[in-house]
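Scroll down for the structure; my scribbles are underneath it.
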Amino acid sequence: MHVIGLISGTSVDGIDAALVDLSGTSLDLQVELLAAHTYPYSEPVRSQIISLCKGEAIPLAELALLDEAIAQEFAQAALEIQQGQPAAELIGSHGQTVYHRPVIGNTPAYTLQLGRGAIIAQQTGLPTITNFRVADTNAGGEGAPLVSRIDICLFSHPQQRRCVQNIGGIANLTYLPPLSDVAQIGVGVQGWDTGPGNSLLDLAVQYLSGGRQAYDDKGNWAAQGTPCQALVEQWLSHPYFEQAPPKSTGRELFGWDYLQTCLRDAEPYHLSAEDFLATLTELTAASIVLNYRQFLPALPDQVLLCGGGVRNHYLKQRLATLLTPIPVLSTNEVGLSADAKEAIAFAVLGYWRYLGLPGNVPAVTGARREVLLGELHTYP
């Protein structure tokens, strides 16, 4: 089945689209990537999303218009990714997260993604699955991470323990025990958000460059600096890093306000811009490793990286150094595009919903049971 996956992550760097040919349903899942591309948001839409993610208030009427505008741009991405390719039969669209509240005591998680599925279905003429996270939160889960079931199907190894480490705006992991140890799908699998990924680094670059630079290309700016280990240790004492999984987070915790805290913490050290950025990059790498050492049943035999962080060579180098001697590869090296992996994942989740198959892993999200993820919109 030809399916389009669409997502814009917490970095808000554009709409990632993937057109894939899918077959199989579980460990027999086969994925062929036919096309992948990132389509930048129009600047007015991107600016509004970033303002909203910073916690700035906007009138309800503007929120409604933004919801529709995001859907229009997602629909356009779905139309463009099909050019010169086989026609798609289905769309799985994550939308744009603008708010995520994890489970807090007896208060359930809440998550809000914009980009109406009905509009995407109408504009493309394709059945569209959206709003994937709500069924999991309604079952008592965090609503995140949702990619773990895909990771099980695509990256499980007969003998090796693997960690699939996504570094998007927020970093998250899936721990996969050897298949020889798994009696049924999901048993022994763990996953959670480890903490900040690219979005905090992007915010820092935008602040330090006075808005002239959106992100640290290949990590070259941070690579010119030296991490302040005292600051890294201070930041690693944040309660989130000590919280046992299942857990999830977002810009609400590691966003603009957190960056301002980090800048204040750094003042006594008189760091250069390069040193500050190197220190923040070290926080992302060190927090990932801390999560492994604190909460995994055993360290992995291999780490597979995916997401935009794969393009940050300095971050990848620091993570590999901190994990020595564990090999750190990208999913490119085992046959799946690291850049397109999240878009591929939501194509698969949409496909499973269309087939009436569950998409969450309760051991990862904390949900009480497996559930069908997403809402189906058809047109006409």
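Glycine too: its Cβ is placed from the backbone N, Cα and C atoms.
Listed in Swiss-Prot:
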BINDING   GLY9, THR10, SER11, VAL12, ASP13, GLY14, ILE15, ASP16  ATP binding site
Extra residues within 8 Å (Cβ to Cβ centroid of GLY9, THR10, SER11, VAL12, ASP13, GLY14, ILE15, ASP16), ATP: ILE7, SER8, THR38, GLY168, GLY169, GLY308
Entry from the binding-site residues list ASP13, ASP16 having the most other CB atoms no farther than 10 A: ASP16
Binding-site residues compared (THR10, SER11) - highest count of Cβ atoms within 10 Å: THR10
C-beta crowding around VAL12 (ATP binding site), within 10 angstroms: 21
Chain-internal residues near GLY9 (ATP binding site), provided their CB is under 8 angstroms and they sit 6+ positions away: ASP16, THR97, GLY168, GLY169, ILE170, SER199, GLY307, GLY308, GLU342
Three-state secondary structure, ASP13 (ATP binding site) (per DSSP): coil
Cβ packing number for ILE15 (ATP binding site), 10 Å threshold: 27
